[in-house]
Ligand SMILES: Cc1cc2nc3c(=O)[nH]c(=O)nc-3n(C[C@H](O)[C@H](O)[C@H](O)COP(=O)(O)OP(=O)(O)OC[C@H]3O[C@@H](n4cnc5c(N)ncnc54)[C@H](O)[C@@H]3O)c2cc1C
């Protein structure tokens with residue numbers, strides 16, 4: 001039985017100073033301001049997980065809210081632009097497709113673009129879906145600029161790749177400037193109230209005691225407060241996403257910096273390549289049931305396209321989510337709240353949305369059961385929706401050369417996902433669940449990219465004559481291609497931003 005904490009919340013203690021800790025500190029301080037005092041405890045000796053360098057477009061909202069200057073951000077975090085993820089070897093070995101942040105075509109009254117395109121393909125059209133996607137065209141051409149067009153189909157939605165440790169430093173500086181107090185030290189003991197079980201204070205090895213009203217657990221996979229002290233429980237989703245290990249290594253940077261993340265499927269998992277200004281980030285995510293750590297390491301190193309800059313770092317994880325992400329007066333944010341592999345770069349986004357949710361449901365006048373229940377309901381749905389989208393990548397594949405991918409085609413799917421795939425296969429219908437982070441265009445690109453072509457298209461398409469359909473597609477093709485020639489190269493854009501920042505500092 002949960003005992004409500006009937007006291008106002010003024011002192012927030014954040015345990016952990018990785019991306020989660022510093023993002024929580026900066027956003028909470030910025031948005032809740034003087035209403036709360038924030039103390040963050042972190043241990044340099046323990047360090048951070050040190051990965052997490054690819055993001056998705058909502059990160060730009062964080063930067064806006066925090067009032068971050070883009071040129072300075074790109075300069076300080078060695079960031080590059082991300083327009084898409086290029087999935088290689090996922091359908092079959094040798095084939096690739098893009099999941100872009102844009103959308104192929106344009107949506108027409110009540111009917112998504114792909115229905116028109118499917119009909120045209122049935123009539124012999126040769127153009128691929130992505131020929132109608134500006135993000136794809138710019139990614140392939142290695143070009144980028146921010147486009148503020150009146151017509152949203154002519155914009156280039158984008159995110160960033162950045163150096164995770166520089167990003168945490170950047171957020172730390174910002175947080176401290178706003179008044180967040182940082183304490184260096186190792187948490188040795190967590191003190192709880194005998195009656196309510198609520199956390200009262202963190203005892204550091206140094207003897208220092210940090211007490212607070214609300215505690216945010218950002219201590220990484222171990223979940224020192226939420227699990228270590230409170231035992232909130234964990235839902236293990238390894239039966240759906242069996243990868244449980246990753247090896248990460250930086251390598252020398254490429255001369256030309258691609259504006260996309262690469263995800264290259266191997267025999268028992270996949271490898272990322274994230275281009276930064278000063279290096280590439282690489283990692284191999286795999287299932288240890290199918291491949292040993294040594295074999296996985298060989299695979300990673302033999303698939304680097306530039307020289308490694310150190311030894312690979314091994315990280316073990318269990319995919320799933322903390323059963324109660326908010327429990328008593330502790331809210332788990334970041335890796336302590338659960339982990340979904342970085343296939344679609346969603347973890348930093350999950351941090352961002354957890355903090356926004358906490359701010360919306362902030363217990364100014366005390367922790368109540370209804371606030372906790374609402375928070376946990378929303379976060380459970382969010383994790384499940386992202387999980388389903390990740391699982392999709394594994395189950396729709398045509399790889400017959402790998403035991404791992406063969407097995408993944410045959411796993412028992414959550415009903416929600418099985419329904420979605422069937423709906424698309426049979427009817428071409430893409431139904432976005434309420435609040436699903438991934439829009440129809442994302443589901444479309446992965447489904448089609450991995451070989452699922454709908455049997456049918458929507459009847460509304462027949463209200464357009466064949467000649468009109470042809471003309472419409474030709475025009476759209478021209479419209480989407482037209483801006484590409486005028487865009488600078490991605491490297492020129494990044495160099496321009498860095499130079500702009502340096503000029504502003506003179
Ligand atoms: C292989 C891999 C690849 C990833 N790639 C991406 C990606 O591309 N995009 C993305 O969005 N996300 C990615 N992620 C997730 C991303 O790395 C994390 O979401 C992000 O770094 C946040 O981590 P964190 O702050 O929760 O934990 P951590 O970085 O582990 O930080 C934990 C903090 O707690 C502190 N701490 C722990 N114990 C104590 C103690 N006893 N006393 C004091 N302090 C303590 C540590 O010192 C540290 O400051 C990836 C994750 C993995 C594993």
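Note that Cβ sites are derived from N, Cα and C of the backbone, with glycine treated the same way.
Now, the feature entries from TrEMBL:
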ACT_SITE  82  active site
BINDING   17, 18, 19, 20, 335, 348  FAD binding site
BINDING   82  7-chloro-L-tryptophan binding site
BINDING   344  L-tryptophan binding site
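Put simply, of the recorded positions 17, 19, 20, 82, 335, the one whose Cα is nearest the Cα of residue 344 (L-tryptophan binding site) is 82.
Under 8 Å, Cβ to Cβ, and six or more positions away along its own chain, the residue listed as 'active site' finds 54, 55, 101, 158, 159, 160, 161, 259, 260, 261, 345.
Checking the recorded positions 17, 18, 82, 335, 348 against ligand 1 with a 6 Å cutoff on the Cβ atom leaves 17, 18, 335, 348, in sequence order. DSSP assigns the residue listed as 'active site' to a strand in the three-state reduction.
One residue stands out among the binding-site residues 20, 335, 348 for having the most other Cβ atoms within 10 Å of its Cβ: 20.
Following the DSSP three-state reduction, the secondary structure of residue 348 (FAD binding site) is helix. The FAD site in the record is lined by 17, 18, 19, 20, 335, 348, and its two most distant CA atoms lie 14 Å apart. Of all the Cβ atoms in the protein chains shown, 26 others lie within 10 Å of the Cβ of residue 18 (FAD binding site). Taking the mean position of the Cβ atoms of 17, 18, 19, 20, 335, 348 as the FAD site, the remaining residues of that chain whose Cβ falls within 8 Å of it are 16, 21, 22, 23, 48, 49, 52, 168, 218, 220, 333, 334, 351. Note on residue 17 (FAD binding site): other Cβ atoms within 10 Å of its Cβ, all shown chains, come to 28.
Every protein chain shown contributes to the tally, and the Cβ of residue 19 (FAD binding site) ends up with 26 other Cβ atoms within 10 Å. DSSP gives residue 18 (FAD binding site) a coil state; it is part of no helix or strand. Taking the Cβ of residue 344 (L-tryptophan binding site) as centre and 10 Å as the limit, one finds 23 other Cβ atoms among all the protein chains shown.
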